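**Q** Okay, handing you the structure first.
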């Protein structure tokens, strides 16, 4: 068994299974033996079986037949010989190795029945021969003869490739096709020969038209030329311009390289407008200014954007002193009235004897001829015929009104300005209009006061009434303090605006008479502790206020910054503090402390803010 396993492994290792196919054929031409295997009275039936194996140094008749096996049909034979038989075919599906071992056996069939295994009885074996041969693939038959001890066998064999297989080992597969997988035929050696219009290893690549660009074109069938994205033209050699490009070229897709004389993103701006359009008429000179613009320099006598208009030189009234103008080609002439001459009738032919100066002007003769008028201060002109307007140059600033007085000009200033030309803004804060330490900001004929805390009005002369908005809730009484409103709450309420009820909360917390439940006892204990805590807090607050009052009294007994001011105020200045008789302001660290002697009515007390100040 071990020998058989090793034999099988060796057989498999020698066989190179590939996609190949072929046929081994063997023909028995004659067989004779000295042994008698037939009865004398009749002919016998025999058949031949072959076993094709890989090449072995010592040929074993034992299976397996690694390359394949085959046998003839049952043949009729005479007493000791047999004539030729049909070929035995052994197909194989591997790469033909070129060497092989061959075992040929002759068997007695006992009867002419075909489908019966006569090899189970070794007594039916007539002869067996084994040989090792080298055989190349081809259609030619190899003749061979084998001489045994008592037999002679003549036979021939060959190996040829199956259809669609080629090569020395029948390992080259080539099947002609004309579909999506290829378009080719096969030559005698199994090489693919592409059909017309196809190329490539599998003849699956169509051959495009001869002028089709290899880089920018492609085809799906022979003779076509389809362009890739960004290219166009019959041969796909023209790049596609940027969309909207008018006068540009490209070397790569989506470019817009402007041609000479054109510019802009889309090459739609004519940079050489003069050459391309010649817009200037009448011999004018055209100059490109870029971005499709130009200017025309006109010849004398012409005007307009394109010099298309002929200018009448008389339109500008060049003739002076009442002369009449005559238009000429690119020129003019003046017909001067009596007493004037020159190109524009600008030269006066009159003399001082003609009394040419008006409005009191003085005439003086000139050595070169003619005269000159010396005008009085309020007139001007060659003959002092024009009245001089001294307000024409607008001498008054800041909206001042100019009044021409003849020899001079007068400026009437707007309210808030002064000066000969109204150039000075009057300082409206110079007279200190802001009261009660307010800060003044000058404006134009106006001022603005920034009032200190507790005062209001245009000049900060009015006390601010912080109680106008009625901030105190639940019947609280409002008092005006310089720091804002102060609320005196009625019993049962507390807070800066008397917004928190006090008695209602305590009534809800107090237990009803006659209830002795454990929860009531617990609430009573809590209320007792809370009452003790509140009493301690109230005592501390009262003690702190007394100390603060004493400290303020000590501070107000002194005069800070070496300044003491005593103000005796009447009732109308302090309507809210009627009985003040003396106020001492003391300045310390930017704060104001007030000490006052005051007689309070019965049942009334001072109110103090959280900072300790009088409210």
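Any Cβ shown, glycine's included, is placed from N, Cα and C.
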**Q** Which of these ranges is annotated transmembrane segment in Swiss-Prot: 523-543, 544-564, 565-585, 586-606?
**A** 523-543
**Q** With a Cβ cut-off under 8 Å, give me the same-chain residues at least six positions beyond the ends of the domain 'EGF-like 4' (310-346) that come close to it.
**A** 282, 299-303, 354
**Q** Can you tell me whether DSSP puts residue 274 (disulfide bond) in helix, strand or coil?
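**A** For residue 274 (disulfide bond) - judged by DSSP and reduced to three states - the answer is helix.
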**Q** With DSSP helix as H/G/I and strand as E/B, how many residues of the domain 'EGF-like 5' (348-385) fall in helix, strand and coil?
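**A** Counting residues by DSSP class gives 3 helix, 11 strand, 24 coil.
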**Q** Would you list the DSSP helix, strand and coil counts for the residues of the domain 'EGF-like 4' (310-346)?
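**A** Breakdown, helix to coil: 4 helix, 13 strand, 20 coil.
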**Q** Which of the three DSSP states, helix, strand or coil, fits residue 203 (disulfide bond)?
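**A** For residue 203 (disulfide bond) - judged by DSSP and reduced to three states - the answer is coil.
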**Q** Looking only at Cβ atoms, how many others are within 10 Å of the one on residue 161 (disulfide bond)?
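**A** I count 23 other Cβ atoms within 10 Å of it.
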**Q** I'd like to confirm something. Which of the disulfide-bonded residues, 250, 267, 298, 402, has a Cα closest to the Cα of residue 203 (disulfide bond)?
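**A** Of all the candidates listed, 250 is nearest in space.
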**Q** Looking only at residues six or more beyond either end of the domain 'EGF-like 7' (425-461), which have a C-beta under 8 A from one in the stretch?
**A** 398, 414-418, 481-483
**Q** Taking the Cα atoms as reference points, how far is residue 498 (disulfide bond) from residue 250 (disulfide bond) in Å?
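**A** Roughly 85 Å, rounded to the nearest whole number.
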